[in-house]
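As given in TrEMBL:
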type	residues	note
TRANSMEM	9-29	transmembrane segment
TRANSMEM	91-116	transmembrane segment
TRANSMEM	128-147	transmembrane segment
TRANSMEM	154-175	transmembrane segment
TRANSMEM	187-207	transmembrane segment
TRANSMEM	287-312	transmembrane segment
TRANSMEM	333-352	transmembrane segment
TRANSMEM	358-380	transmembrane segment
TRANSMEM	387-404	transmembrane segment
TRANSMEM	410-434	transmembrane segment
TRANSMEM	441-461	transmembrane segment
TRANSMEM	473-496	transmembrane segment
Amino acid sequence: MAISLRRELGVVLLTAVGIGAVIGSGIYTLPGLVASVSGPLSIVAIVLMSVITLILMYILAKLGVMYPKAGGIYYFAKEALGDLAGFITGLSYYFCCFIGTAAIIYSFLLYLSYYVPNIAVGLTLTPLGIAIAIAILAIVTVINIVGVKYGAGLNFILTIARIAPLLAFIAIGFARVNPGNFEPFAPYGLGSIGLAIAFGFWMFVGFESVVLVSEEVREPEKTIMKSAIATVLVITIAYILLMTVFIGSIDWGGLGIAEKDWEAVGGLSSPLADVSRALGITGLAELMVVGAVIASAGCFSDWVLIQGRVAYALAREERFWKPLAHVNPRFGTPSKALVFSSILTAIIMILVPSFPNVILMAMITEFIPYGISALSLSLVKRNSSTMMLGMIGFILASLYIYWACWPWTLTGTVLAILSLILYPIIVKNTLLFLGELKKNVWYIAYLVGLTLISLLGDAMFEYNNFLPISPQNILTTPIDIAIITIFSIAIFAWALKSQKTKQF
């Protein structure tokens, strides 16, 4: 008899999962980097990211209500676009999950090194640091195997603990805001907002988590949408307030950098703590470090939970290693998928000890499923409102992919090709593969097209380039935005025409 996952998550715990998956190390480490590329304009970037996140979250929530399955993003694409598209999308998201978990744990160890010596040198973990990271990962994996209720309950406690320091920073820092810090408001021009979004989006990654565990949610038709809206609203209010206070409370002299030298702000390794220390509020600075450690710990607790669900969903459909579809008869959780995913996370931590590179790898593999999910909504529910909503979401996701910078757009295409190679090996059916490939030529054209636009695009959107070729600066901003919009609409129409999907 098949063992099903248990429905134990209500609105409060599910919202905690969503908030916990988002509020991690990013909000503690990235404000300085975001401000360094756009100055005070980064506040507008946060607002735009929040609006776009709300749109994408609404799309995912609607899909989650229609099809409440574990690892939802894979199922959305599979139902709307077919088996191959679902496989590529699901595998891309799975890459994001276990790579992103590695980045979060890595960040956790860097913060922990503030108190514990010899676990990191600069941005590199020592053998001791790697051993501690793997040990912590193992403990959290066991907690999530014991039951989603306990994993989510642990996260609920950690979510409260990670939000409290941010509220303290906002409340105390507000009194120290210097209005002069907001002038000029756009020191690097309006075009810099795209780069701010590219870096800042890591602070929003994880908002889709309320959908990924939907098969374990009580009354999903009500709970998912409530939790989705609550998650985005809490994140939006917190981030806008925090970024405003961060920009306004910078004491240039106390930090030892020239006034209005925003590029230097990007060099702050712990921006919230550094700004607090420069203001002479040592206790608040210490609280920021503690909050960052707790935030990282809680966030990777969530992602260990989520990455196991994605592997389980793929394996259950016989689109991944079959033993990963096993549900533990005692705890009702996909224990083998959780362990396997954590092993991959440990391997990433050992082989790729570069925090920035791991973040960019995770981001590009996250953006692709967002766009495909938006397209899926338009395919499974064809009416004017959802068609428009899906198209807007698809365009916004495409812009995010472009803003994620060269050469990481190319990385996404390479991973898609890897998925194409793996698919016929897993399904062991050449005719099925050829039929699915013919139906999804648009998918490959979409990824290759975005890569070419990135190569021809604005030179501003290049970061940590490991290739000998750079963006050609032919399609400068705002021409690049117009080209991506037109290209996305064309691909959107092509995909609609190519699919014959049953409506829900």
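Numbering starts at 1 and runs along the chain as it is shown here.
Glycine too: its Cβ is placed from the backbone N, Cα and C atoms.
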Leading stretch by Cβ pairs under 8 Å, where the reference is the transmembrane segment (387-404) and the options are 9-29, 91-116, 154-175, 441-461: 441-461
Interface check, the transmembrane segment (441-461) with the transmembrane segment (187-207), three or more C-beta pairs under 8 A: yes
Annotated stretches the transmembrane segment (333-352) and the transmembrane segment (9-29) touching (3 or more Cβ pairs under 8 Å): no
Long-range neighbours of the transmembrane segment (9-29), counting only residues six or more past its ends (CB under 8 A): 104, 107-108, 111, 148-149, 152-153, 155-156, 158-159, 162-163, 166, 202-207, 209-210, 213, 216-218, 223-224, 226-228, 230-231, 234-235, 238-239, 242, 269-272, 288, 291-292, 295-296, 298-303, 305-306
The transmembrane segment (128-147) touching the transmembrane segment (410-434) per 3+ Cβ pairs under 8 Å rule: no
Chain residues in Cβ proximity to the transmembrane segment (154-175) (below 8 Å; excluding those fewer than six residues from its ends, i.e. six or more beyond): 12-13, 16-17, 19-20, 23-24, 27, 143, 238, 241-242, 245-246, 248-249, 272, 275-276, 279, 281, 284, 287-288, 290-292, 294-295, 297-299, 301-302, 305
The transmembrane segment (473-496) touching the transmembrane segment (358-380) per 3+ Cβ pairs under 8 Å rule: yes
